[in-house]
Amino acid sequence: DAKHLVPNKMRDFFCTINLDQEEVFRTQVVEKSLSPYFGEEFYFEIPRTFQWLSFYIYDKSVLQKDLRIGKVSIKKEDLCNYTGKENWFMLQPVDSNSEVQGKVHLELKLNELITDNGSVCQQLVVHIKECHGLPLINGQNCDPYATVSLVGPSRNDQKKTKVKKKTSNPQFNETFYFEVTRSSSYTKKSQFQVEEEDIEKLEVRVDLWNNGNLVQDVFLGEIKVPVKVLKNDSFQAWYLLQPRENGNKSSKTDDLGSLRLNICYTEDCVLPSEYYASLRNLLLKSADVQPISASAAYILSEVCRDKYDAVLPLVRLLLHHHKLVPFVAAVAELDLKDTQEANTIFRGNSLATRCVDEMMKIVGKHYLKVTLKPVIDEICESPKPCEIDPIKLREGDNVEINMENLRYYVDKVFREIVRSSISCPTLMCDVFYSLRHLAAKRFPNDPHVQYSAVSSFVFLRFFAVAVVSPHTFHLRPHHPDAQTSRTLTLISKAIQTLGSWGSLTKSKLSSFKETFMCEFFKTFQEEKFTESVKKFLDDVSSTESKEPSGVSEPVHLKEGEMYKRAQGRTRIGKKNFKKRWFCLTTREFTYHKQQDKEPIFTIPIKNILAVEKLDESSFNKKNMFQVLHGEKPLYIQANNCVEASEWIEALCRVTRCNQKRLSFYHPSAFLNGNWLCCKATMENTEGCARCTADVPADTQIEIDGDRETERIYSLFTINRSKLQKLEEACGSIAVYQGPRKEPDDYSNFTIEDSVATFHTLQQIIDIVEKLNESHEKYQKKRSSSAKYGSEENPIVGKVS
């Protein structure tokens, strides 16, 4: 959220998330507010190098261009200082001199020249090769040029490259020569006289500009290199463009308002798979360790300050290797040992409950979409008033009509849920089956506990949460408005109550804090709803196959708006690129004129031969990729780099098993009678570049096992001191078996078997030390091969 925004009157605001100058996400518009609450979450992989993660607040305008009020920009190197916690940031003014992105490739060299009279002078050679990743200007590729200057206390020699048209990756390949020191015979009357010792004060400055033609040129960034670092040697490197030194400095930075953010940024240097074999094997056998509290996976959750840090990579790794169900069963059994009353079963935030929560989020995405999306769309797009709290009723509202509206929505959502068991993923059913039988075993005299064990997850932690936060589960693109959010909250409360076993009894209803909800539930017939819930819970906690007969429905994987190039049409009277709605399922890839309209072009998944990036030079457009199939290639432009990466990945996953996948492709387009990449003139010429072969192995669950193992290694490394404390605790318990008289450093640890736990800890510490050595060797190798000014960075990053 934001507060105290300017101008000091109610306006419509929205916020964007940018990698450097590229917008990757945008929030909903919050109307008529000075302190808008956005309440939106975004999670994305970072597909390219970047310098700044920025957040811009905009004042929405209907007739004019949206006005940028201010921004928060955080350097990549500083993201770790803010991760995992909420921070208020003061908005900074948006200054064109500070809005930079991209990099420039330079080669610098100092030459010694002997003049005709035998004296020696020095000459600086600057070869500006190319730039990469320059920003879009007004949504279009820029017309960049560079100025190259040799700057000192008493000189400023400047030269200029040619302007390159419509490109964000200009190839300049121009060389400039500057005289650094003069020969002794050079006249001292010249204003450019530079003595030998002044080399210490000289620097090369390269400024990038967008040629404005009839308007003012726009600054794109600069770099500065001291001449003294050259030391009579040739020097070549990529340099990240920097803002001007006076950019983004203002005395009025405290009157624009502030923005509250919760950022979680992680970056991992993932080594080859063989390095993780020992740690991976130790984690995967966790379910077989007796007791489970002595396993590596359980110890990971014990030493992490926030269990969620451990749960996410752990669940994904176990899912990837089909080891999750036995592990969840083992930790759930431990959880049940400490549960004294059946009505509190699985209500806390234990390792077991968090693992199941995360599993449902990962595995149940499609299940939620097919079950809830149609009814959630109806509620959000055609909302009916549903407020039944007398205190919150608006003037003119009729509580009876609102109650009827709410009852209609609740009935519809409930009906969709209890009819959805056939779509419940098998993995979720297997987990629910285990939980149900463990609960019945723990409380054998309670016939209902086997149902409440499952309903506490599937109703309370899955469906009810998705109803109240549809944007978080990708059921809606944005956070709903305040009135719709209130409606969804009331529906979610009702679903929790209907799904909780026995909640409709009179004794339960009388315990409601909100009397208006108690009155609402009196209209429900207890027996009818209880039987529906019981049948549904029986179905989703059964290991029997529920697959319907006949052809299964295609799984919806991804959809969104992008631009596609017209296929096989003349340019006369036709727009070359058109906005279309794209949809990807496990059966076909389609595009439509608008969402929910019939497809105007369909490619069966089995016909896709390759999906690859397309060189920007083909159409002078960024974020393009190509889908190769039986006919002409389909050229598509995504809205930003994150979106392009996600589409390519999704298409590669779903087509990975196609038998006729290509081995080679053309990185550029076929235009004007030849391929731009290899200049071949035949359109059916075999590709000139090898296709990307590295695609994930699972179509519906995107998991990189090595990356998750690297994340777990990082968590063990960060919490090394706690591992040692736990090791010491095991040693103390093994020696002294008496009762503990006072709290100690390890009183919060679960140690059932000190010998087994100590043995696992030794294995973890040994593996972590070996991985530390491997990382150190890699970093040394990387630092020795990287030059000053280089931005090489093979590290994988992600932001939420």
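Placement of Cβ uses the backbone N, Cα and C atoms for every residue, glycine included.
According to TrEMBL, the feature region 'Disordered' maps to residues 776-800, out of the candidate ranges 151-175, 526-550, 776-800.
The stretch in closest packing with the domain 'PH' (555-656), judged by the count of Cβ pairs under 8 Å and taken from 1-89, 100-240, 306-500, is 1-89. Over the domain 'Ras-GAP' (306-500), the average per-residue pLDDT in this prediction is 90. The DSSP breakdown of the domain 'C2' (100-240) into helical (H, G, I), extended (E, B) and coil residues amounts to 9 helix, 76 strand, 56 coil.
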